[in-house]
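Annotated compositional bias 'Basic and acidic residues' per TrEMBL: 1-11, in sequence order. Taken from TrEMBL, the feature region 'Disordered' applies to 1-20. The domain 'Mab-21-like HhH/H2TH-like' annotation in TrEMBL covers 291-351.
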Amino acid sequence: GICEVNNRRDSESEESEEENPAEMNMIWIFSRRFQLSVPKLASRRREVQELLSDLLQVCHNLFSDSFFPVLEPVIGVGSACEGWSPHKEEDVVYCMFVPLKPPRGHAFHLEPDSVGEMPQTSMRVRVELVCTCTGEQHDQNMLCFLHHSQEELKRNQAASLLHTLCTGPYLDGEKVALWFQTFVISAWSVVPQSRHYSMKVLPSCRSCKMKLMKASGRSLFVEMVFSVQQGDSDIFLSSQPTEAKLPPGTTWLESYAVAEAKFFRHVAMHAPPRSCHLKCLRLCARLLEGSGLSIYALKTTVMHLLTLIPLSEWQHKYLLMRVDDIMRYLRCCLEEKRLKHFFFDNEDMPKEISLPPAFQGAQPPNLFQHLAQDPAAQTEALKEFDDL
């Protein structure tokens, strides 16, 4: 297989019975130099989740009679929620996915997006009106959008989702973000946490970014990204593109962030106490700072290695060996211009992670495809990597 890890297990095993003092000293120096003590991510994440759950409760109460999307409980994603953010404590952004479900009388249909020219899979969410006279969606207090006259509907009922947050028949991520930002600004004073925090909504056209400030001067940054689940899998469509160029508001991009967060929870449950995998990620992210290599390529490398190297070998005393493995694997992938996406056709995938059936047996996207197409970029990337 690509980039087989040089295990060096036999020579390690005698040494690892007692910890090598020189190596432990080296680990300590590294930890200090790169501030590897993971910030208070878990307690802050809980604080953020509690705050957002109160905010969504206010939203539900306020819009219970209207036909805006139903906002499901938030899901923490990204490095801060996985427990290893590469940033300094004051710069950490707590990213939360807010899954959207269709309101009464509506259905969502996911369609491939032929307009989008994004490297990620892009889709559109077509909103369809559904009969509520009888059947599953039957609601006595509601007029059916399909079988009541326009006059009756206008006079007695809030506008359908098609007339508020859609462009044509498609759900528009920009309109959803603007609607929610407006709601947050107007409803903040009702949220219990408004007694402890002042809040500012930061500019963003696809998500809701908030800066929360305590009287002590401590700040918390939160980003709420709107998402639509693909079937009942852990793969979602996200309103927030990762690329610099913005697709149309009706383009939603496939995101693996929820599956990634679930993978790191799985590892945390099965790894030894004081496992070093998060410190490795944090240290390598610091080492790669300023290079052209993406944090996502690093994270993908670490996820592959967490399934290739037994979790018992990620004890804290092996930190430097594992960092060495990660950097060797990455360099190997750069040489071969190939880094396989973690979630496609991966036999080592933990059973708890639910993927769409099409992912099994599919050709994994190559995260280094751009290097395969551009030899000069590959030469530059290898040179940068060796300079590190």
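For all residues, glycine too, the Cβ spot is worked out from N, Cα and C.
Under DSSP, the residues of the domain 'Mab-21-like HhH/H2TH-like' (291-351) split into helix, strand and coil as follows: 39 helix, 1 strand, 21 coil. The average per-residue pLDDT of the prediction over the domain 'Mab-21-like HhH/H2TH-like' (291-351) is 93, rounded to a whole number.
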